[in-house]
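**Student:** Per Swiss-Prot, the features are:
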type    : residues                                                                     : note
BINDING : His64, Ser82, Tyr153, Val154, Asn155, Ser170, His242, Pro243, Glu244, Thr259 : iminosuccinate binding site
BINDING : Cys127, Cys216, Cys302                                                       : [4Fe-4S] cluster binding site
Amino acid sequence: MADGFATAPQDFKGVFTPEIEAQTAPVWEKVKHHVTPMEWRVQAPLIVEINRLKREKNAAILAHNYMTPDIFHGVGDFVGDSLALAKEAAKSDAQIIVQAGVHFMAETSKVLSPEKKILIPDLKAGCSLASSITGADVRLIKQRYPGVPVVTYVNTTADVKAETDICCTSANAVQVVEWAAKEWGTDKVILIPDEFLARNVARQTDVKIIAWAGHCEVHKRFTAQDIADMRAAWPGAEVLAHPECPAEILEAADFAGSTAAMNDYVAAKKPAQVVLITECSMASNVQAESPATQFIGPCNMCPHMKRITLQNIYDALVHEQYEVTVDAEVLDRARLAVQRMIDLPPPAVPARYDLVKARHHVDVELI
């Protein structure tokens, strides 16, 4: 939940001076392909003021991979996926954390940093996947499948994590599922709430998967025809897909893996042309670090992530508003599930999904 009363926002009226232009020049070099010069005259003073407020208030901003480039490159102290950001928040000396992401991410940061003030710039920044399941749903699932370990994707609320045996990310889901099956001495595991992630994991393991019909609205919209059209238009482009996409997308891709794995792939392989089958801003942000690579659509935009702006980040810092809290009992149990995952030996590299590996039978039971 989030506490506090919002103060009516008053747009920051900064002036684009030569000093601000010089100070923000390195950021401009990274965002200039995605931000117009006119937009930059508004954004640059905001970036300078937000960074000043961070120093004044001992605050840090966690910028998710799906943030717009002005946020990601301009004010993000830590950038990456939701779990990586929460872990960085826990290590940071900052007393105030502003979550430039959606609400479940702010909850995860609170779970790992209960002593810190966690702010979210917009209370309406939700998530279709996280809202697809509740803690009460998980309790009913456990009654239906007694003794079967519950593995929960980190893209869930603290209430759901609290009912979970261990959490996972898209990068380590196969590893966590196989660990849970071995630890519980069973051949089946409940993997919730993303149905497509569960089905894609099932293709990588012999463990039987019990899944929930939750979906990310961004990745669900992609179709195999999208990829076919892109290959026809750009025959040399390499296609990288996120495992929250339907299996037909992964089958049509050249590579599938987490956002971290995609980033590493582009950095290592340096493809001339690449298509990232994920949220739009991911390509925009990776492009700044890989200028020689041409990034081609399609992409789908997350309306929830895009609720976060420089202006409401500024408002959150100025007024220290929209603090995210988690009930103490829920927090302790949720932290146990996340910590179990963190304590597992990390893979040497972010996991990729083997698109060649053929399973004679993929056993997925949909709840």
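Backbone N, Cα and C define each Cβ position, glycine as well.
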**Student:** Where His64 (iminosuccinate binding site) and Cys302 ([4Fe-4S] cluster binding site) are concerned, what is their Cα separation in Å, rounded?
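**Tutor:** Rounded to the nearest whole number, the Cα-Cα distance is 12 Å.
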**Student:** For Asn155 (iminosuccinate binding site) and Cys302 ([4Fe-4S] cluster binding site), determine the Cα separation and express it in whole Å.
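**Tutor:** Cα to Cα, Asn155 (iminosuccinate binding site) and Cys302 ([4Fe-4S] cluster binding site) are separated by 14 Å.
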**Student:** Measuring CA to CA, name the entry from the binding-site residues Cys127, Cys216, Cys302 that ends up nearest His242 (iminosuccinate binding site).
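**Tutor:** Going through Cys127, Cys216, Cys302 one by one, the closest to His242 (iminosuccinate binding site) is Cys216.
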**Student:** Rounded to a whole number, how many Å is the Cα of Cys302 ([4Fe-4S] cluster binding site) away from the Cα of Tyr153 (iminosuccinate binding site)?
**Tutor:** 18
**Student:** For the iminosuccinate site made of His64, Ser82, Tyr153, Val154, Asn155, Ser170, His242, Pro243, Glu244, Thr259, how many Å separate the two farthest Cα atoms?
**Tutor:** 18
**Student:** When you measure from the Cβ of Tyr153 (iminosuccinate binding site), which residues in the chain that are at least 6 apart have a Cβ under 8 Å away?
**Tutor:** Leu129, Cys167, Cys168, Thr169, Ser170, Ala173, Leu191, Ile192, Pro193, Asp194, Leu197
**Student:** Neighbour count, 10 Å Cβ-Cβ cut-off, for Asn155 (iminosuccinate binding site): what number do you get?
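**Tutor:** Asn155 (iminosuccinate binding site) is surrounded by 27 other Cβ atoms within 10 Å.
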**Student:** Between Cys127 ([4Fe-4S] cluster binding site) and Glu244 (iminosuccinate binding site), what is the CA-CA distance rounded to a whole number of Å?
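**Tutor:** About 13 Å separate the Cα atoms of these two residues.
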**Student:** Going by DSSP, is Cys127 ([4Fe-4S] cluster binding site) part of a helix, a strand, or coil?
**Tutor:** coil
